[in-house]
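Asker: Sharing a structure here in structure tokens format.
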Amino acid sequence: MRGVLGKSRKMICSLLSQAPVSPAYYYRSSPSIYKPKPSNRFSWGFLAPIPSPAIRVFCSKPGEVGGLMASSVQNQGSISYLTQREAAEVDETLMGPLGFSVDQLMELAGLSVATSINEVYKPSEYNRVLAICGPGNNGGDGLVAARHLYHFGYKPFVCYPKRTQKPLYSGLVTQLESLSIPFLSVDELPMDLSKDFDILVDAMFGFSFHGAPRPPFDDLIKKLINLHYYEQAQRKPPVIVSVDIPSGWHVEEGDVGGDGIKPDMLVSLTAPKLCAKKFSGPHHFLGGRFVPPAIAEKYKLQLPQYPGISMCVRIGKPPQIDISSLRENYISPEFLEEQVEADPLDQFRKWFDDAMAANLKEPNAMALSTTGKDGKPSSRMVLLKGVDKDGFVWFTNYESQKARQLSENPHAALLFYWDGLNRQVRVEGSVEKVSDEESEQYFHSRPRGSQLGAIVSKQSTVVPGRHVLHQQYKELEEKYSKESLIPKPKYWGGYRLKPERFEFWQGQPSRLHDRLEYSPQETDGKRVWKIVRLAP
């Protein structure tokens, strides 16, 4: 959506540049960077304003149906792809009757770019980012993205050779300078960008661009293109992330000559442009979570749902990746023997509190592993519902597979994994049922729907279909509609694991992880915990 940032209020063809002038429409990007290129099609230079009737025929293609979006909704993935004219008209609606301002959309677009980068390229391995920003709103997106990447833990640098002296852009520069983010001139950039940067953000030109770029952007684009040859020479180049349109591509036909920038990631904004169909990189994201239903219906936009509270969503299938190449280089504080609690339960509470403070999703989720008399292990995720000096408590169906295995072998292992903190805790020990009173008390503390669900579910047994569960649930709702207390089923209750071994794991660089094991031993007739370090 480079129009989203008002890259130009109306996109106009040079074919129409001799039309009568109207001051209401003008080309908003800096004209000095463009070098008009003779063509049988149309080229961009300094374009005169044109009246709105001419806008309606802008960039029509042979055979194109007259209505807006007629050529945009594609079968592949049911995603809409916008022509140049369509993108401009969508932006006109956003910034007209829908009341969005350029700075609002720029902020949302830049945030979308930063979150897309963070989805794939984590700062622990891709830390040094160079944002190459053009003079228009696409460049503004890059400036906003650099600010957010700084707060996400990256080390951004900015190359902004043709600054726009408008308050919006000056303010963005001031914000970056206040964070001590370095600005590099073109002359200060190394010849080989692969030595100093892990990520290159291509925010030079948006969908309003057409033609050949003038200096210094022509050389900057060549630098990005040349990185492809480093890869052929088996040198690892930095990844390229293009904002909305790979700079230099035709907005509808893509990389026409086949020798343009080949980004690893494309972050489309509002909706992907037609050129995105020619994108062959591994990561295509859609950003700009601001399209209201009214505009989606008006322009028949078909867009994917954004997950949760995310500002970006992946378009298409994830890339086929060599699983053996997947790895994370953990960056964590040292976990030393002299720093830990003497009692492993105290150490567990300390780490659990850290997981809660980090706002991790379900920090009480734990993998429970059990074995029956046949010795075959099985694991599943359950939720910790209590921990005290006597052990770790969870609740389940006493007729489930895990319950049958625990009746045959009352020993189990728990595993907590807190990804956001690079930590895991293993706990092993014997298992026993909690008292009926404890199970009863917890059962009635649950939401009413969860109580009914526990009665309906004969856990681990075969069900004819989901409709059966819903029907039984509905019948129970009616049965207990006038009852304040739902009786706990006899086949439902809690277990407590009494720990006999703990291991606290903290991820570290180069796989030199910290592993501290607690095991009980008798000292002077007292049970104490011995702490030893295990090899990673």
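Cβ coordinates come from backbone N, Cα and C, glycine included.
In case it helps, TrEMBL gives these features for our protein:
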- N137, N138, G139, G140, D141, G206, F207, S208, F209, H210, G211, A212, D244: (6S)-NADPHX binding site (BINDING)
- N138, D202, S247: K(+) binding site (BINDING)
- 87-303: domain 'YjeF N-terminal' (DOMAIN)
Asker: Of all the binding-site residues given, F207, F209, which has the fewest Cβ neighbours within 10 Å once its own Cβ is left out?
Answerer: F209
Asker: Neighbour count first, Cβ atoms within 10 Å, every protein chain included; then name which of D141, D202, D244 tops the list of binding-site residues.
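Answerer: Highest number of other Cβ atoms within 10 Å: D141.
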Asker: Where does the mean pLDDT land for the domain 'YjeF N-terminal' (87-303)?
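Answerer: Averaged over the domain 'YjeF N-terminal' (87-303), per-residue pLDDT gives 91.
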Asker: Distance check, please: Cα of D141 ((6S)-NADPHX binding site) against Cα of D202 (K(+) binding site), rounded to an integer number of angstrom.
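Answerer: That separation, Cα to Cα, works out to 10 Å.
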Asker: Non-local Cβ contacts of G139 ((6S)-NADPHX binding site) (under 8 Å, 6 or more apart, same chain)?
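Answerer: Listed in sequence order: C133, Y160, T164, Y169, A203, M204.
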Asker: What are the sequence-distant neighbours of S247 (K(+) binding site), meaning same chain, six or more residues apart, C-beta distance under 8 angstroms?
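Answerer: Spatial neighbours, sequence-distant, of S247 (K(+) binding site): G134, D202, M204, F205, F209, P213, F217, I221, L224, I261.
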Asker: Rounded to an integer, what is the Cα-Cα distance in Å between N138 (K(+) binding site) and D244 ((6S)-NADPHX binding site)?
Answerer: 8
